[in-house]
Structures are given as C-alpha cells and as structure tokens.
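Enquirer: Attaching a single structure in structure tokens format; questions to follow.
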Amino acid sequence: MAVRRRPSIPNQTAAPPNPDPGGDPQPPNTAPSLDQFSLAPPKLGLILSVLALFLIPFFYLLFVHYQVESDLRYYISICVALSLVGFVFTVGLIPVAARYLLRRNMFGYDINKRGTPQGEVKVPETLGIVTAIVFLVVAIVLQLCTLTADSDWLVEYNAALACICFMTLLGFDDDVLDVPWRVKLALPFFASLPLMMAYAGHTSIIIPKPLVPYVGLSVLDLGVIYKVYMILLVIFCTNSINIHAGLNGLEVGQTVVISFAVLIHNLMQIGASTDIDYKQAHAFSIYIMWPLLTTSLGLLAFNWYPSSVFVGDTYTYFAGMSLAVVGILGHFSETLLLFFLPQILNFLYSCPQLFGFVHCPRHRLPRFDTQTGLLTGTNDMNLVNLFLRLFGRCTEKSLCIRLLIFQALSCLMCFGLRYILAGWYK
C-alpha cells in the first residue's frame, strides 16, 4: 500500500469541448508529456552505504568466520555479483518506467504532505513492477548458473518463481483495478498453488523438548494440515507488508531489513550444519534473497523520503511472496515468523478495524500539520499511529526510521532467542 490519493474519476474522464464538431472526439489530456517529466535523482549515497553495511558482515561470515565448501562459496559469490547487476538495472529502469506509468495516469498524491507543494506533485506509482521484473530475470539467470538439469531443487525453484511471478501479476492487477480487501486476502491462495503442487518436503514438526514427555512424541506428522499452514503463511506474509505501510520507504525498508536477517540466518545455518540437503535448502534461500535485497534497495533509492515514486501493491505482494517461499522451501518458517514480529503485532492490533468491528477508513494515516511538518497519531489501530501516540509527534522520515529500527531490533531478538533456546527447546 502506497501513501497516495489517487485522482478522482471525473478528473480522469472529463474532456474539453471538441473544437471541431464534425471531427472525432479529442482524448483528454490529463497527464504531462514524457518530455516534460523528470524524476528526482536517486539517493544513491545513502543506499550504497546501506549496501556496503550489508556486504561486509555477509562476506565476513562466508569467507572468514565459517568453513563453507568452496563450490558453495563460488555459487553464492555469483549470486551476489548478479544481484548487484540487478541493482544497477533497477536504478536505471525505474525512471524509464515512471515516465510511461505517469503517461497512463498511474500516479497518486502523497497524503502525508497534503497542504504543501510536495503534496500536489503527481508521483508515479506501481514501480514495484520494475523491481519484480528485474528480480525474476536475475533469478532465472542465476538458475542457469547454479542448477543442473537433474538437480533435485529444479522443480521447487521453478515453482517458487512461478508463485512470485503469479503474485506480481495479481498485485499489478490490484494496482490497476483497486480490488476490495476481501478479494486481496484470497489472491495469495491462488498464487501459492504452484508451490503446494511442487512441495516435496516434510510435513512434520519437531515437538519442543519440554513438551515431549507430555505428548509422547518427538516428531509429529501433520500431513495436509501442514500444507494448510503453508497457505496461511503465504497469505499472512503477502498481506502483512501491505498492511504495515503508509510512510515513504516503509514497505521497502522493512523488506530490506527482513531480507538481510534471512541471509545472515542462512549463512549461520550453513556454517553450523554438516547435512548437505539442509545446506542446499539455505543456499536456495540465499539465491532468492540476494536478488530481492538488491532490487529492493534500487527501488528504495527512489522511494526513501521524500519519495519520487510509489511502490504499489505490486511490490508488497511480490516481496511478501518471495519471503514466504524461502521460509517454506528453506524449512525455517518459524524463524521467518519471528522476523515478522512487527507485522504480526500490527496485524493483531489492526484486526478490529480490518474485520469491521471498528470503522476502518481507506487510509489509516496520521494527521499532517502543515505548519510544523509533524505527524500526529490518530485513533486508527496500526503501529504507525501507535508509535506516534506512544513516543510523540515527529516528522515522517523520523517515524519511518523508528519503525525500521524496531524491525531490526525484532530480528536481533530472534537471533538471541535462537541462541538462548538452542539445545533446550528443540
């Protein structure tokens, strides 16, 4: 969900009088020409600093801290290199796509800047489509470099890409058609079907050691129930990022933080394990997460405050599905849910409004004070307004940074819990 106010239908369809009564009706001229449009330059200094901050600890763990097999190091290095190429293409293609999206009247106005000159600027939206396309191209090229025709992971890798591609298409349809919430909840179910059909992993769960004496089992096979859980996980991941939104850079920022946490988790599991299949599952996750991380950073270069583009539901659905498939096929869905702690809290807190028990406006956004430039929390039930009510008024940029710090702290807490409970819980 982007922070936007779409132009009303009358403004889009009203046409000026036809000067030639005998001629064909003249089409409305509601969008600026391509020659008049120029996008603000990307915030590359900030984004490249963040990218370096991610690369340094990742390569330290890969080449120094853990004894990773040389061939796996080679494939992961190829993955990082191709992902960086994807970053360059994302940054280069977004201004081009923004021109054509604006030409097709796919733009919005930034509600959190209403009453200021920035609030009257037409901001191109649905730029998540560029990120998704570049991601898919990088992932397919990477598949050619890392998998052979007889690889055990080929079917599941293709199924994962099919799910992500399907979800991207449905997200783009949502941006164009503006479908209602009850339909949005059902879209991820259909997009997850290729993954359900191709999934050949286990359907059992490990019973926590303290509960084994009471249950009488150490491993419980859930069968079909496990696949139902997988579908629910996909629905939650795709919609939770879409719900936890409303600020410039928040949707992409939280995806970047979670993606990096998943990458570190993957390396830690590869370094600590001797099981080949287990390592391959986490290597598969790395092959998906690095393209997601770099293409998302390319989009964040334009979407960080003040945003010059909006990401649209296309991006939130694409990012949520990408994270869901690696959690399922990498067999660390429990850890993934811990990384999603802010999204879980936001969803639970939002339930009364989402399910109609409390009035739910279209945009559950803070109030913007044009005099001070500060946001004030409303009574709407989400983390964005809750943080403002708890910690006081602040600028949109400061609020987004606070929420992303909370996201990062939640991921750190997840690593701490895994370390503390290792060997005792499971």
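Positions of Cβ are set from backbone N, Cα and C atoms, glycine also.
What TrEMBL shows for this protein is this:
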| type | residues | note |
| --- | --- | --- |
| REGION | 1-32 | region 'Disordered' |
| COMPBIAS | 16-30 | compositional bias 'Pro residues' |
| TRANSMEM | 44-68 | transmembrane segment |
| TRANSMEM | 74-102 | transmembrane segment |
| TRANSMEM | 123-142 | transmembrane segment |
| TRANSMEM | 154-173 | transmembrane segment |
| TRANSMEM | 185-207 | transmembrane segment |
| TRANSMEM | 213-237 | transmembrane segment |
| TRANSMEM | 249-272 | transmembrane segment |
| TRANSMEM | 284-302 | transmembrane segment |
| TRANSMEM | 314-332 | transmembrane segment |
| TRANSMEM | 338-358 | transmembrane segment |
| TRANSMEM | 399-421 | transmembrane segment |
Enquirer: How about long-range neighbours of the transmembrane segment (338-358): same chain, 6 or more residues beyond its ends, C-beta under 8 Å?
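Expert: Answer is 181, 236-237, 240-241, 243-244, 254, 258, 261-262, 364, 380-383, 386, 403, 406-407, 410-411, 413-414, 417.
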Enquirer: Of the stretches 44-68, 74-102, 213-237, 249-272, 399-421, which racks up the most C-beta pairs under 8 Å with the transmembrane segment (284-302)?
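Expert: Comparing 44-68, 74-102, 213-237, 249-272, 399-421 against the transmembrane segment (284-302), the winner is 74-102.
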Enquirer: May I ask for the residues of the chain that lie six or more residues beyond the transmembrane segment (185-207) and have a Cβ under 8 Å from a Cβ within it?
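Expert: Contacts of the transmembrane segment (185-207) (Cβ under 8 Å, skipping residues fewer than 6 from its ends): 155-156, 158-160, 162-163, 166-167, 170-171, 174, 179, 215, 217-224, 226-227, 230-231, 234-235, 237-239, 317, 320-321, 324-325, 328-329, 331, 426.
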Enquirer: List, by number or range, the same-chain residues at least 6 past the transmembrane segment (154-173) whose CB is under 8 A from its CB atoms?
Expert: 126, 128-129, 132-133, 135-136, 139-140, 143, 147-148, 179, 187-188, 190-192, 194-195, 197-200, 234, 238, 284, 287-288, 312-318, 320-322, 325-326, 329
Enquirer: With a cut-off of 8 Å between Cβ atoms, can you find at least three pairs linking the transmembrane segment (249-272) to the transmembrane segment (44-68)? Only pairs 6 or more residues apart in sequence count.
Expert: yes
Enquirer: If we skip the immediate neighbours and take only residues 6+ beyond the ends of the transmembrane segment (213-237), which ones have a Cβ under 8 Å from one of its Cβ atoms?
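Expert: For the transmembrane segment (213-237), the far contacts come to 163, 185, 188-189, 191-192, 195-196, 199, 203-207, 320-321, 323-325, 327-328, 333, 336-337, 340, 343, 347.
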Enquirer: Report, as numbers and ranges, which residues of the same chain sit near the transmembrane segment (74-102): CB under 8 Å and 6 or more residues beyond its ends.
Expert: 31-32, 34, 37, 39, 42, 44, 51, 55, 58, 62, 68, 122, 124-127, 129-131, 134-135, 137-138, 141-142, 145-146, 283, 286-287, 290-291, 293-295, 297-299, 301-302, 308-309
